[in-house]
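Here is what Swiss-Prot records for this protein:
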BINDING   Gly71, Thr74  Na(+) binding site
TRANSMEM  2-22  transmembrane segment
TRANSMEM  33-53  transmembrane segment
TRANSMEM  63-83  transmembrane segment
TRANSMEM  96-116  transmembrane segment
Amino acid sequence: MLVLVGLAGAGAAVGALSRYGIMRLALPLNRWPLPIATLFINLTGALLLGWILTSSLPPNWQIFLGTGIMGGYTTFSTMINELVLLGRNHHQRVAWEYFGLSLVGGLVMVYLGTLI
């Protein structure tokens, strides 16, 4: 059990560092109200998670990659915070578009990931 916790924790660190790197690279895109970086991260994470969960990888690898890396990489809380900020800054239409793209796009990406 401790090994599994260690695998998930190590993976989460890798995922969080990857997310941080992408967020930093996307800083020039901040001139648009749509949070492109978080949307990209969550959609690519959903695609990869779909693949991981239906792959024939050993359980330890699924925990490291799925629970760990994808858990640290994707970010529901940042998405919710960005939705609130969009609403507060009078970008309600963009907030609804972002919500729809995140929800429907995430489901589509998970499905596509299962086909890989």
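The backbone N, Cα and C atoms fix where each Cβ goes, glycine too.
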Residue numbers, six or more beyond the limits of the transmembrane segment (96-116), whose CB comes under 8 Å of its CB atoms: 34-35, 39, 42-44, 46-54, 79, 82-83, 86
Neighbouring C-beta atoms (10 Å sphere around the C-beta of Thr74 (Na(+) binding site)): 21
All-chain count of other Cβ atoms within 10 Å of Gly71 (Na(+) binding site): 19
